[in-house]
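**Q** One structure, as structure tokens, below. Some questions next.
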Amino acid sequence: MEAKLFVLFCAFTTLEADTICVGYHANNSTDTVDTILEKNVTVTHSVNLLENSHNGKLCSLNGVAPLQLGKCNVAGWILGNPECDLLLTANSWSYIIETSDSENGTCYPGEFIDYEELREQLSSVSSFERFEIFPKANSWPNHETTKGITAACSYSGTLSFYRNLLWIVKRGNSYPKLSKSYTNNKGKEVLIIWGVHHPPTTSDQQSLYQNADAYVSVGSSKYNRRFTPEIAARPKVKGQAGRMNYYWTLLDQGDTITFEATGNLIAPWYAFALNKGSGSGIITSDTPVHNCDTKCQTPHGALNSSLPFQNVHPITIGECPKYVKSTKLRMATGLRNVPSIQSRGLFGAIAGFIEGGWTGMIDGWYGYHHQNEQGSGYAADQKSTQIAIDGISNKVNSVIEKMNTQFTAVGKEFNDLEKRIENLNKKVDDGFLDVWTYNAELLVLLENERTLDFHDFNVRNLYEKVKSQLRNNAKEIGNGCFEFYHKCDDECMESVKNGTYNYPKYSEESKLNREEIDGVKLESMEVYQILAIYSTVASSLVLLVSLGAISFWMCSNGSLQCRICI
């Protein structure tokens, strides 16, 4: 019996065995990502793909300053409104800035035909050469070129007119038919602007041009149009009952344009040889211009970012991220960040990849924790970690490269009569924007799911690598841990980690320890059976004694009559 009790004591006294665990890195990161199946998954590492900040400044673009139109708009600048004289010397820019209160446009009232299309053309121009297409001094010898001035375009209190146009009127009582041609030899497109004057009365027509039935004809290989003045009474605008309509065309290299008129011509004086590029644009912004430089400009401010997406503004100029409506686009690069609960013991829940990661392992994503007589410690598996880092880095770079189509996105121009087209265009643009946003978000969700699954797969592979080496020299105890059936010193532990574990060397010791443990289990079962029998007999005796005592007490006080028959 003493031997049995000794075996039972041994069964409840377990010596601490050598142990090795497979696990993964955890840290104090609070980064969260979304996946297809989950939201706000905390991860150890992640990269942001969405730029949401700007510097609040209008800057030079790649070292080239923008053209700030100030109180002028594009029309006032190109026509040469006297209030825009400071812009006459501008010949190159990175982009063009209008403000919300750019009031100086056409000074003489009238309509600028196809003005929105002209703005679109100028959006792709980064510089031009302003030159006299028809010199004022000798191009119109039979007509007056100095009397065409008006109070509508006054400057510093004196009558004036556009700096790039000539208002040609009769000389004396004669306005002979004029004809003037220009052949483009600039080697690039030339922007030519002219106008047609529409007087309010026939007397004004005669006093200015003499000819009652005047016309203006403009023709090139691509443009051909004849204009006749529309004489009619109109309400005064800026003190003028007359109107001027403004026209423009682009003349190709080698092409010739001819102006013919018997009156009412607002002739071109200066024209513009255009240098086109893809990086310019026109933006409307009240943001101040600063002495700074950027690669991407929005009306709100400059973006200095290499990220593939931004949600600052849909209008951009330069090498800019794609605008999306998203508020968060974060891609996971690390693992699920689930630090283990330290109070649960070294080889409880904290030890494995099932319930939590290790904050103590800081030099890799996956690795080992061991404990033996020589101590305990963490060690990262550098090979699997490096392979994972390379794979995920390549994936992130590939995603950024594919989605990082940087370009200029400027607003399209529509006049007041094209509201339906403008509204339709906005709907189309919104549709494309929704598609871009959906694609970006879906891409990130899918890649995050794949990345986290990839990490889980790598940890599982590391676990299977250890398991296949140890075989029956150790047993699985959960949470990614193995308990050795033999003593495993630091050299032994290192061999498990680097894949050189010598199974035959430890198999005999492991076999003996397994058999001893199994024997203890069998002896323990015998003890448990003996104790169960003793416990049953003792319980029965106690029950019988209790019943006898109760019966004796009841007989003694008359509650129970006892008759003994012989």
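Just so you know, glycine gets a Cβ as well, placed from its N, Cα and C.
Marked as disulfide bond by Swiss-Prot on the basis of sequence analysis: CYS59-CYS292, CYS72-CYS84, CYS107-CYS153, CYS296-CYS320, CYS488-CYS492. For ASN27, ASN28, ASN40, ASN104, ASN304, ASN498, the entry in Swiss-Prot reads N-linked glycosylation site, with the evidence type sequence analysis. Annotated S-palmitoyl cysteine per Swiss-Prot: CYS555, CYS562, CYS565, in sequence order. Annotated signal peptide per Swiss-Prot: 1-17, in sequence order, evidence recorded as sequence analysis. The topological domain 'Extracellular' annotation in Swiss-Prot covers 18-529. The feature topological domain 'Cytoplasmic' is assigned by Swiss-Prot to 551-566, with sequence analysis given as support. Taken from Swiss-Prot, the feature transmembrane segment covers 530-550, and the record attributes it to sequence analysis.
Each of these features: where is it, how hidden is it, and who are its neighbours?
**A** Within 10 Å of the C-beta of CYS292 (disulfide bond) there are 13 other C-beta atoms, taking all protein chains into account. Under DSSP, CYS292 (disulfide bond) is assigned to a strand (E or B) in the three-state scheme.
Long-range Cβ contacts of CYS84 (disulfide bond) within its own chain (separation 6+, distance under 8 Å): LEU69, GLY70, CYS72, GLY76, TRP77, ASN104. According to DSSP, CYS84 (disulfide bond) is assigned to a helical segment.
A simple way to gauge crowding: the CB of CYS107 (disulfide bond) has 26 other CB atoms within 10 angstroms, across all the protein chains here. Secondary structure from DSSP puts CYS107 (disulfide bond) in coil.
Sequence-distant neighbours of CYS488 (disulfide bond): residues of the same chain at least 6 apart with a C-beta under 8 Å from its C-beta are ASP18, ILE20, HIS370, ASN372, VAL496, TYR506.
ASN27 (N-linked glycosylation site) carries neither a helix nor a strand DSSP state and counts as coil.
For ASN28 (N-linked glycosylation site), the Cβ neighbour count at a 10 Å cut-off comes to 8, with all displayed protein chains included.
For ASN40 (N-linked glycosylation site), the same-chain residues that are 6 or more apart in sequence and have a Cβ closer than 8 Å to its Cβ are THR32, VAL33, ASP34.
A sphere of 10 angstroms centred on the C-beta of ASN304 (N-linked glycosylation site) encloses 14 other C-beta atoms.
Residue density at ASN498 (N-linked glycosylation site): 11 other Cβ atoms are found within 10 A of its Cβ, drawing on all protein chains shown.
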**Q** If one measures from the C-alpha of ASN498 (N-linked glycosylation site) to the C-alpha of CYS153 (disulfide bond), what distance in angstrom results, rounded to a whole number?
**A** 87
**Q** Measure from the CA atom of CYS59 (disulfide bond) to the CA atom of CYS492 (disulfide bond) and give the result in Å, rounded to a whole number.
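**A** Checking the Cα atoms of CYS492 (disulfide bond) and CYS59 (disulfide bond) gives a distance of 64 Å.
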**Q** Looking at the disulfide-bonded residues CYS59, CYS72, CYS296, CYS492, which one has the fewest other Cβ atoms within 10 Å of its own Cβ?
**A** CYS492
**Q** Secondary structure at CYS492 (disulfide bond) (DSSP, helix/strand/coil)?
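**A** Helix, per DSSP.
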**Q** Using C-alpha atoms, which one of the disulfide-bonded residues CYS59, CYS107, CYS153, CYS296 comes nearest to ASN27 (N-linked glycosylation site)?
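**A** Its closest listed neighbour, by Cα, is CYS296.
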